[in-house]
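First comes the structure, then the notes that go with it.
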Amino acid sequence: MYDVTEWKHVFKLDPNKEISDEQLEAICESGTDAILIGGSDNVTEDNVLQLMSKVRRFLVPCVLEISTHEMIVPGFDLYFIPTVLNSSHPDWIVGLHKDAMKEFGDLMSMEEIVPEGYVILNEECKAAKLTEANTALDIDDVRAYARVAEHLMKLPIFYLEYSGTLGDIELVKETKAVLSDTVLFYGGGIENAKQAEDFAQHADVVVVGNVIYDNFKEALKTVSAVKKSS
C-alpha cells in the first residue's frame, strides 16, 4: 500500500484537458511521487477511464480525487475523497460521501480510500463556487480547520487549495506548524520551479497542475525543485 507521508511532489491531471502521449510519459517518469486525476469541470467516467488507462502503463501511483460519484471507476491505486471543511453546504462535507458509499461501498476496498480535509481559499475558482466555500478566512481560521482535520476528524491529509492562484506562503507555514501527523498538501498557482521550491519548504506535498498545460517544460522542473527543497 502506498504511504502518502513519504510523498513530496504530485502532478494533478485534468481529464477534461488535452495532453499528448509524449507529455504524459514525461510526467509519469519525471520522478513525481504520484499522479492525481481530478477536476471540477466536465469530468466524466469516460474521460477519467481513458486518462487512467494511459497512466497505468507506468509505475507511478495513480490516484483518483473524487468530486462526483459518477466519475468513480475501478483500477486506481488510491481514491482521495475530499471533505470541504469550509463549505457552507453539508453535501460537500458528508452528504455526497454518504451517497458514494451507499452506491459503491460494497465494491470498494476501504484500504484504497484516503479522506482529505479540504480548505478552498480562492473565491474565484470553480471549486469554491461549486462547493459554496467560505473563503474569507484568516490564518487563525485555517489553523483551526487544520486542528479539526487532525485531532477531531483524524484525517490523514489536510489540503490547502488555492486552485489557479498562488497562495499565501505565510499561511501555509503557520498551518504546517499546528500539524503533527496529518500530511499538509498545498495546491494552487505553481508556475515555476522556484515557487514549487518555496512552498515545499513548508508544505509536506506540493501539487502541480495547471502549469502542465501552460508551460510543460517548467512543470517538469518542479519535481527536482521540490525534492531538493524537502
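Placement of Cβ uses the backbone N, Cα and C atoms for every residue, glycine included.
Spatially close to Gly164 (sn-glycerol 1-phosphate binding site) yet at least six residues away along the chain are Asn122, Glu124, Cys125, Gly188, Gly189, Asn210, judged by Cβ distances under 8 angstroms. Here Swiss-Prot flags Lys12, Tyr159, Leu160, Glu161, Tyr162, Ser163, Gly164, Gly189, Gly209, Asn210 as sn-glycerol 1-phosphate binding site, drawing on sequence analysis.
Secondary structure at Ser40 (Mg(2+) binding site), as computed by DSSP, is coil. A simple way to gauge crowding: the CB of Ser40 (Mg(2+) binding site) has 18 other CB atoms within 10 angstroms, across all the protein chains here. According to Swiss-Prot, the Mg(2+) binding site annotation covers Asp14, Ser40.
Comparing Gly209 (sn-glycerol 1-phosphate binding site) with Asp14 (Mg(2+) binding site), their Cα atoms are 8 Å apart once rounded.
Asp14 (Mg(2+) binding site) and Tyr162 (sn-glycerol 1-phosphate binding site) are 16 Å apart (CA-CA, integer value). Under DSSP, Gly164 (sn-glycerol 1-phosphate binding site) is assigned to coil, being neither helix nor strand in the three-state scheme. A simple way to gauge crowding: the CB of Gly209 (sn-glycerol 1-phosphate binding site) has 23 other CB atoms within 10 angstroms, across all the protein chains here. Of the recorded residues, Lys12 (sn-glycerol 1-phosphate binding site) and Ser40 (Mg(2+) binding site) place their C-alpha atoms 12 Å from one another. Here the C-alpha separation of Ser40 (Mg(2+) binding site) and Leu160 (sn-glycerol 1-phosphate binding site) works out to 16 Å.
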